[in-house]
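Have a look at the structure below before the remarks.
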Amino acid sequence: MFILPPPQEPLLGAHTSAAGGLHNALYEGRDIGATTVQLFTANQRQWKRRALTQEMVDQFRIALNETSLSYIMSHAGYLNNPGAPNPEILEKTRVCMHQEIADCISLGISFVNFHPGAALSDSKESCLDRAITSFSQMAPLFENHPPLVVLLETTAGQGSLIGSSFEELAYLIQGIKALIPIGVCLDTCHIFAAGYDISSVAGWEQVLKHFDAVIGLSFLRAIHLNDSVFALGKNKDRHAPIGEGCIGSDSFCFLMQDERTRMLPKYLETPGGPDLWTKEIRYLQKVC
């Protein structure tokens with residue numbers, strides 16, 4: 001199995017808009033001073049995906065070359081529930097997962113990021129096992145060793161969502177890692193909401209030590225940079241601009257500097273759009 005190596009330089013970007021064409025997300029990234037971006041490759045709130053045409057692939061790959069952006073991340077749709085107890089939703093999810101991964105391979109995207117799932121009326125244990133089956137069924141797509149890694153995003157712990165604890169993510173990874181390239185995308189707002197105190201350097205030291213012990217730092221492949229509107233452990237997923245929430249700017253400067261996290265691709269999902277992202281990228285690159 002081919003495992004995508006880490007980048008050779010720090011990469012920083014944001015979730016940019018693919019309005020008017022997937023390639024436009026790359027050009028918006030270039031315009032805000034990014035070196036990588038995250039995007040939706042299809043409407044994130046619909047089951048039906050538009051078919052990827054050769055023209056779309058060509059436009060995207062030309063934009064990749066022209067912008068010199070790398071380690072692009074696709075964020076899978078919000079309707080997906082890899083651990084859904086409802087058989088119809090589970091089957092729809094698996095079809096979408098297959099299409100999403102296939103499109104990412106065609107486009108030359110490096111990461112495809114999924115929310116692990118929600119148990120809803122069922123137990124989390126059963127949800128975790130169904131999610132493992134869902135991701136395992138994607139193995140045939142990786143037979144030709146594409147340079148793509150599937151990422152499980154940390155969640156805030158609201159409702160019946162799985163993936164808010166490192167232990168749950170470790171369980172998923174242990175069940176998947178032999179079949180597909182798998183890793184974790186750590187969302188700073190989400191883990192803070194789930195009770196991991198990253199508001200200080202000392203806090204980060206404890207969290208990274210715990211992550212390494214439970215999952216292994218080699219599985220940490222990317223970071224979503226978001227401050228948090230709500231306080232520690234509230235299980236509420238509300239992003240704030242960098243330095244304007246309950247986590248604080250020192251936490252993000254730590255991520256930019258520490259040898260364990262400095263080279264991990266980082267993607268802003270903060271509210272405010274391109275004007276704010278330009279300022280945040282400049283701040284994180286120059287001030288931190």
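Cβ coordinates come from backbone N, Cα and C, glycine included.
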Listed in Swiss-Prot for the Zn(2+) 3 site shared with ASP237, HIS239, one of HIS145, HIS190: HIS190
Listed in Swiss-Prot for the Zn(2+) 1 site shared with HIS75, HIS115, one of GLU28, GLU143, GLU153: GLU153
Listed co-binder of Zn(2+) 2 (same site as GLU153, ASP187, GLU269, source Swiss-Prot) among HIS210, HIS224: HIS224
Cβ-Cβ neighbours of HIS115 (Zn(2+) 1 binding site) (radius 10 Å): 24
Nearest-integer angstrom distance between the alpha carbons (Cα) of ASP187 (Zn(2+) 2 binding site) and GLU153 (Zn(2+) 1 binding site): 7
Secondary-structure category, per DSSP, in which ASP237 (Zn(2+) 3 binding site) falls: coil
